[in-house]
Amino acid sequence: MGLLSDPNRRKAITSLTLSVLPDVVCYLAGIAWFMGLAFEPFTLRTYMSENAMGSTMVEERFPSGERALATAREFAAHKKKVGGMPVDWLVKTMRAQGLEVFTQSFSRNLPFPDESKERFVVRGTNVYGILRAPRAPRTEALVLSAPCSPGNSNNQAVGLLLGLAQYFRSQIYWAKDIIFLVNEHDLIGVQAWLEGYHHTNITGMGYTPLQGRAGSIQAALSLELNSDVVTSLDLVLEGLNGQLPNLDLANLFHAFCQKLGILCTIQGKLQRSDWDTVEGYTHSAQTMLLMVLKQASGRPWGEHGLFLRYHIEAASIRGVNSFRQYKTDATSIGRLFEGMVRKLNNLLERLHQSYFFYLMPSLTRFVSIGYYMPAFGLLTTILLLRALDLWVHLGTPTPVTEDGVGEGESPSSPGLLSVLTPVVISHLTGVALYTLPVLSQEMAVEHFPVSETEAVVLTAIAIYTAGLALPHNTHRLISGEGTEQGWRVLKLVALLYLAVLLGCTALINFSLGFILAVTLVPAAACVTPHVPKALSAVAMVLLSPGCTILYCVFLFQELQEVPVSLAEGWMLFLSVISQGILDHALYGSLVYPLLALLVYPCWLLFWNILFWK
């Protein structure tokens with residue numbers, strides 16, 4: 001405190017923080033640190049932390065791959081016959097395999113029609129069978145799930161699931177109940193089943209109570225196969241709100257793929273060994289950036305993503321038919337699942353010894369939270385330096401003028417109303433952005449030739465754009481012209497607000513916090529009322545949260561090696577907005593309310609500073 005209260009020392013701090021050099025150095029160092037994490041020598045090699053899964057070996061003997069594919073074809077025929085989920089056939093088949101079989105009906109009213117099927121109400125039925133543990137008190141359980149997708153999608157996964165159920169029934173070493181779940185309508189069906197299993201209703205889902213339950217679910221695996229020919233298996237880890245399963249689950253998948261000779265990928269990309277080349281580093285960087293973008297979206301990228309909310313370690317495994325020189329049969333995939341389930345069956349406690357916060361540039365390397373958080377810390381340091389600079393300026397006495405006025409006097413304090421008003425109105429704009437798009441869809445459809453989904457998205461964009469014109473003149477309407485000290489106080493508040501907001505976001509979802517920091521920190525640090533208005537306004541808009549989402553859409557397509565044109569990218573951008581609002585309503589994703597209620601109002605405060613007079 002003495003350092004800050006002494007005028008001479010405070011002047012030295014001011015001269016340091018006034019320079020743009022520390023800001024530029026921190027920003028470039030943060031970006032360089034983050035990109036350097038994809039370089040293999042800077043990462044850690046994956047290893048199995050859980051002794052119960054790493055010390056004992058299992059011998060996989062699943063023999064029924066061809067029979068599973070025959071069951072899949074039978075399932076597809078019955079699904080086509082009934083035009084949807086063949087509930088009766090599934091119940092009959094599972095009971096013939098010796099399982100305790102139950103069904104669950106559910107319905108969900110959508111806030112607006114989903115873009116793909118244009119439906120307001122989703123109704124369906126889940127079918128699940130329970131294999132009781134023969135040598136345990138039945139207090140714990142594992143889940144194997146496969147979605148009943150429309151058309152010919154995922155029939156092979158359901159067939160393999162039923163084949164595994166029949167084989168597991170003949171084994172006597174199970175210490176946990178095993179639940180075989182076939183759900184309808186993908187994530188909505190899983191959400192209904194999880195809420196019914198845990199006796200909760202957090203999303204407004206309508207469902208019938210479950211008639212049969214097993215023990216506390218320790219782990220879950222979801223299988224997705226869309227072809228009889230599988231060349232590789234892709235591991236999907238990203239869950240709701242950026243949650244990730246325990247790293248040991250990914251290590252277990254990779255270990256069995258290596259043991260069985262199955263080609264495995266993450267983010268759809270193969271492992272490369274030439275890490276010391278430019279191509280090898282680029283490949284690792286692309287893989288890591290894809291994981292960052294998926295995690296930042298906050299949406300569940302597979303059925304496993306909803307299990308993570310209930311502290312159930314889960315992952316989705318997808319069969320891919322793209323690497324023509326390889327081929328994996330259904331028997332090998334069945335043995336992979338058998339081995340993973342048997343290893344999970346050995347657990348005496350929940351997976352907890354390995355990491356929950358990590359990034360993966362490949363399946364054999366990972367970046368822990370202690371390695372990637374400094375990159376974020378360097379970016380937020382800029383906000384703290386700017387805030388310290390403003391605090392010093394606000395506490396500095398006014399210099400002596402030629403007429404002798406001002407010596408030792410404090411600068412005139414801005415009126416509280418002139419500072420508080422833009423804060424309140426900016427947040428009211430955020431509340432309107434959060435609530436009005438869904439509430440006003442009927443009115444928009446009546447007056448404009450658009451569908452409900454288009455009405456929601458276009459209303460959100462209209463409110464977002466209108467917010468640019470609303471707040472920056474408000475302080476003049478309330479308390480006259482703003483003072484020089486007024487914008488300094490407002491910027492000090494906004495800087496501290498943004499620093500706390502980004503810090504809290506990064507602790508929950510690092511990827512989202514880092515992406516927002518990359519674009520918002522430069523705008524927050526540089527904005528003042530004394531810069532050229534037109535050029536600065538364009539720069540501020542380009543660094544706004546909405547444009548950040550647009551950049552991420554194009555970057556995601558480029559990293560997936562599926563580039564799009566400007567028109568296609570714009571349509572994907574509109575789809576991302578509607579999907580974000582829908583994910584929040586259906587599953588409780590926090591990204592949309594975070595951006596609408598906190599990030600966008602915070603950005604509006606800096607927009608208000610730019611037009612301060």
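Glycine is no exception: its Cβ is also placed from the backbone N, Cα and C atoms.
According to TrEMBL, the transmembrane segment annotation covers 20-39 (among others). Tertiary proximity for the transmembrane segment (20-39) is limited to same-chain residues at least six positions away from its ends with a CB under 8 Å from its CB atoms, namely 275, 281, 284-285, 287-288, 359, 361, 367, 371-372, 374-379, 381-382, 385-386, 514, 517-518, 521-522, 525.
Residues or ranges marked as transmembrane segment in TrEMBL: 369-394 (among others). If one looks beyond the transmembrane segment (369-394) by at least 6 residues along the same chain, the residues whose Cβ comes under 8 Å of a Cβ in the stretch are 4, 10, 13-14, 17-18, 22-23, 26-27, 29-31, 33-34, 37, 42-44, 355, 357-359, 411, 485, 488-489, 491-492, 495-496, 498-499, 502-503, 506, 510, 513-514, 517-518, 521, 524-525.
As annotated by TrEMBL, transmembrane segment applies to 494-527 (among others).
Under the heading transmembrane segment, TrEMBL lists 534-556 (among others). Among residues of the same chain six or more beyond the transmembrane segment (534-556), those with a C-beta under 8 A of the stretch's C-beta atoms are 289-290, 293, 296, 461, 464, 468, 515-516, 519-520, 522-523, 527, 564, 569-570, 572-573, 576-577, 595, 599-600, 603, 606-607, 610.
Under the heading transmembrane segment, TrEMBL lists 562-582 (among others).
Feature annotation from TrEMBL assigns transmembrane segment to 589-610 (among others). Same-chain residues lying 6+ beyond the ends of the transmembrane segment (589-610) with a Cβ under 8 Å from its Cβ atoms: 240-241, 296-299, 422-423, 426-427, 429-431, 433-434, 464, 467-468, 471-472, 474-475, 487, 490-491, 493-494, 497-498, 501, 505, 508, 512, 516, 520, 523-524, 527-529, 531, 533, 536-537, 540, 544-545, 580-581, 583.
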